[in-house]
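The structure appears below as structure tokens.
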């Protein structure tokens, strides 16, 4: 139990009387890469959003490190997001009027030391080098390709060294090579920092790289299994 | 947090047109405030501290004018700030809605809505302080105009510029109102969960709104254009506010300008005399002429044409309020003074069974012809019917036949205490009518000088408001325009579908709002009349409407040109897809 980072207890979510999530319960262990698999409208993004605190469940509760966060105040939730949770979005969501460096730093924990605190800035540079975007740090996002922008988005999420990283269709807008690179990067982050990663996708090949797979349909988990044979991202059979 | 502020600052400052117009609006308002206060506060303080009983009439009038100007500017700046806050609220709600995905993202990064709102109002407060400073600077120098007008009008010397601390701080305190409006806008527009903000999920999206239902109800031809153009009710509301505000300001400023001319014209009409002689006590014309020993009065035969009249102080009891007036009894068969009704027909007082009113009583107090008036004439209560209105009645004067007034006051038919003549009858009691007119002219211009300047700036601000409202409205169609462009529509067709309806609607709102603008402007002018104690006849004509129509359409043309240039830039840069997919 001590290894459980996140728990969901009978969580449901309704939109306009329509059930999108039906009493879902699960426990997530620290350091796992969890793929949430399902087709469009299955409820996978809603599950991810509820687990990541950006959506409140209609019923049920979410526990973070054994503590219920469902009744947290807005400030407590904001602090949790700021300190412990990172997000990677399908459409990157980089602020166009800030440079790459500023976008990354916006996601960092110590926002108040923006004034070029050398330690923090060097951390950003190391991370950018790891993600292969160090040469774009002073550029604006519009100059970057989709894959590069997604790496900036990952850098922004990882800069604060979060305990959990939520990736919603993070490769949905990318081509094969970029998608493989992003999945590889995420696995490297998991290994290097011990980050727990949630990854929603409809791509079964990506799911094969995960430690655990949750399959959703009509707001229910219809399958929940640990991968016996985890494949390397390079070995994904893309396009099949 | 500095990065969040940097992002918000860049985001808002990128909306150049909007920010420029909002800033100009604030600069105009704070300029008006400082312009008046720099010329009033210090001088009023000095004059109030003087022994009031020792002050000359012109100085007392000067104090009165300063106090009136303070009231006028307080009302004016308050009204403008209310309008500004309304625009700001609509601008912010529109901006937040357009940026809701960004708000959601910032929330996911650990910022609260409060953090975002706080940085937004910090930025807007800085802008409002800068505009207040500019207003203070320009107002300081501009106040010289008003000070020089005071010197000329009231013949007062050694006036200086100065402002009270409270008045100086006031425009800087507007920032706190801006803060409140910003918070309300965020609370209402960003009060959704981060995930829904990021998906730009709107629970009302797709459901027909008021405009769609309205157009659908009338089954208008080409109604789809209006559904596309007027999809946002708040933008429509802003447009209505802008046009009504502009209309009121314009009608009011034209009316104030013309009212002075009207007053001066009416005070010359029907007057063929050069001198007015007035006495404190009632005299008898027959005795005066027979009394050869009286050397004060030039006998009528040597004074040329003269006409005697009776004048008493009167107080009209109107709904419990006492209106101080003069009642003048005169004969119709004199060559020196004639009264005219609204149609310029001569009024024969001998045929009027009652009293002939000054139009002020009808316009400002609502007294109608046919009303029975309770009047206290020189302490004697009488009941007289109002039987006519004289367009050229003297200031604060009403008329009755001399015979009737003499009977009411129990004096002889030949009694008089005033004379109109073409020669001076009595050096100590006669006044050249031209001197009276000159004094009246000074009062007319001085009492309204700052009101007119304020109104003129109000009109300019109203124009800015319309520009802003139409620009916001057209900007709301940018996405639709780009989609139509990508679908292969040519510019002419796009303009006719998405831009022209907005301009047509602006004109419809204008025509529908004319009665409201006239009514409101008239009410404001009446209240200003009460505040200043001067009758300002409300003046509106077809030309006023035509001028407004032309100005409105010039603004529409200008906005359309600016907006199409902006769209052209996007299209020529082939950035349609980029703009449409902007998250």
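A Cβ is built for glycine as well, from the same backbone N, Cα and C atoms used for every other residue.
Feature annotation (TrEMBL): of B:98-120, B:190-212, B:213-235, B:236-258, the stretch labelled transmembrane segment is B:236-258.
According to TrEMBL, the feature transmembrane segment maps to residues B:71-92, out of the candidate ranges B:71-92, B:269-290. Two recorded stretches are said to be in contact when at least 3 C-beta pairs lie under 8 angstroms, sequence spacing 6 or more; the transmembrane segment (B:541-563) and the transmembrane segment (B:21-40) fall short of this definition. Within its own chain, the transmembrane segment (B:162-188) is flanked in space by residues 26, 29-30, 33-34, 37-38, 41-43, 45, 77, 81, 85, 88-89, 92-93, 96, 113, 116-117, 120-121, 124-125, 128-129, 131-132, 135-136, which lie at least six positions past its ends and keep a Cβ under 8 Å from the stretch. For the transmembrane segment (B:236-258), same-chain residues at least 6 beyond its ends with a Cβ under 8 Å from one of its own Cβ atoms are 83, 86-87, 90, 211, 230, 448, 451-452, 455-456, 458-459, 461-463, 465-466, 468-470, 472-473, 505-506, 509-510, 513-514, 516-518, 520-522, 524-525, 528, 536, 538-540, 544, 547-548, 551-552.
Counting residue by residue with DSSP, the domain 'ABC3 transporter permease C-terminal' (B:459-569) contains 96 helix, 0 strand, 15 coil. Counting residues 6+ beyond its ends, the transmembrane segment (B:126-150) has Cβ neighbours under 8 Å at 19, 22-23, 26-39, 43, 62, 65-66, 69, 156, 159-161, 168, 171-172, 174-175, 178, 445-446, 449-450, 453 in the same chain. Per-residue pLDDT, averaged over the domain 'ABC3 transporter permease C-terminal' (B:459-569), rounds to 83.
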